[in-house]
């Protein structure tokens, strides 16, 4: 089994730990807890780069090895890194489990070394009608990020 982890921090006080697990060539399960967010939906994506030299702004666009448009996790036409939204409760904390087939921990499209990013606003999943809907999900600013590393 492949395992990965990302520790999220930000200057805005958002913190979290995200775990990734993949059995063989199967789907990857993402589990995590993120705190310090405003209640509601927040876009959640794997970004192309593991570069945090300028915080989350240097993590590049959504991970998109197949050159597709932005979409929902269940859409056939979507970025590999489009993981939808996490739901934050009234206490400012999100606890979640996501299973996805496009974010492997090994091989040419591995997400290891890339960044996971939490956004300020909901991801409209490519269906919002805004010009950014098909590129970023119009999910607003980047409020926290962490680099996905291998876990022993």
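Using the three backbone atoms N, Cα and C, a Cβ is placed for every residue, glycine included.
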Scan 24-52, 53-81 against Swiss-Prot and say which stretch is down as region 'Disordered'. 53-81
Just give me the nearest neighbour of residue 70 (Zn(2+) binding site) among the binding-site residues 45, 47, 62, 119, Cα to Cα. 62
Three-state composition of the compositional bias 'Basic and acidic residues' (65-81), taking helix and strand from DSSP: 0 helix, 0 strand, 17 coil
